[in-house]
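Enquirer: First the structure, then my questions, so here it is.
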Amino acid sequence: MKIGILSRNPELYSTRKLYEAAIIRGHQARIIDPLLCYMTIASQRPTIHYKGEELTGFDAIIPRIGASITFYGTAVVRQFEMMNIYSVNESVAISRSRDKLRSLQLLSRKGIGLPHTCFAHSTRYTKDLINQVGGAPLVVKLLEGTQGIGVVLAETQKAAESVIEAFKGLKEQILVQEFIEESGGADIRCLVVGGKVVAAMKRQGAEGEFRSNIHRGGKATVVRLTPEERATAVRSAHIMGLNVAGVDILQSNRGPIVMEVNSSPGLEGIETATGKDVADEIIRFIEKHTKPGRTKTRGKG
């Protein structure tokens, strides 16, 4: 097969590993910067050009679309779909997962465990908003934030009011969520491929840090999932319509709590922590499921 890997940086660990895994499995592979693609929207023959040449002959693509290029990146993925090329994660599913509010609404509809969350436009009822999530301490989260950026722990009522009003004063869209204290600054990242958890790690935040992101100094170790945690991760990926997903779970007193479903999960941390070859699992999944025109939208909402 001929596989395109949509990534802006060929030197990134995840991009490199996917490229190498495809080559090892006997496929042709090419890394394509989606921002350098340009497309012709035509009813009879849609095309994509890249650096002056038309891209042809691809059987499948692996989108590695960063949050900062979601709009254009998903447009490129959608154009490949219009050309009957299989995408391991579809454009609509990527867009769905990038909208934190939409994701939470879809997951809640299906009964997935979530943190108590509020969303509001006005700061007029901030006190009641805070009460709705159980009061301080609470977490204020930018809708557009990634890798722990734009996530603030407000430990008191006064601090919570100040943070919410400050973000709103900057015209930012925010979520207000309960703080799951019993998680102890740790979460579980489950890597789901084709409806199965192929690897899982526990990430512990640095001392004094409630965010567990490895980018912020968190430490990763292999973890054994409970059946409920495994089922929650698989169901969450399915609800979002993602074949490949990183599902972030907190362990709470009321069971697994899903914090995020990521459509372009990094591979370095989880492969290093678990010793699992996740890139190989993704290529094997593509081998089994690639068919021309197989771009039926998965998930709803």
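Backbone N, Cα and C atoms are what each Cβ position is placed from, and that goes for glycine too.
Pulled these features from Swiss-Prot for this protein:
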- 104-287: domain 'ATP-grasp' (DOMAIN)
- K141, E178, F179, D187, R211, S212, N213: ATP binding site (BINDING)
- D248, E260: Mg(2+) 1 binding site (BINDING)
- D248, E260: Mn(2+) 1 binding site (BINDING)
- E260, N262: Mg(2+) 2 binding site (BINDING)
- E260, N262: Mn(2+) 2 binding site (BINDING)
Enquirer: At a 10 Å cut-off from the C-beta of D187 (ATP binding site), count the other C-beta atoms across all protein chains.
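Expert: That number is 23.
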Enquirer: Near N262 (Mg(2+) 2 binding site), which residues of its chain come within a Cβ-Cβ distance under 8 Å, counting only those 6 or more away in sequence?
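Expert: Listed in sequence order: S97, A245, G246, V247, D248.
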Enquirer: Express the predicted model's confidence over the domain 'ATP-grasp' (104-287) as a mean pLDDT, rounded to an integer.
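Expert: The predicted confidence over the domain 'ATP-grasp' (104-287), as a mean pLDDT, is 91.
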Enquirer: Name the secondary structure element type, per DSSP in three states, that contains F179 (ATP binding site).
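Expert: In three-state terms, F179 (ATP binding site) counts as coil.
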Enquirer: Looking only at C-alpha atoms, tell me how far E260 (Mg(2+) 1 binding site) is from D187 (ATP binding site), rounded to the nearest Å.
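Expert: Rounded to a whole number, the Cα-Cα distance is 11 Å.
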Enquirer: Inside 10 Å of the Cβ of K141 (ATP binding site), count up the other Cβ atoms and send me the figure.
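Expert: I count 22 other Cβ atoms within 10 Å of it.
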Enquirer: For D248 (Mg(2+) 1 binding site), list the number of other Cβ atoms lying within 10 Å of its Cβ atom.
Expert: 21
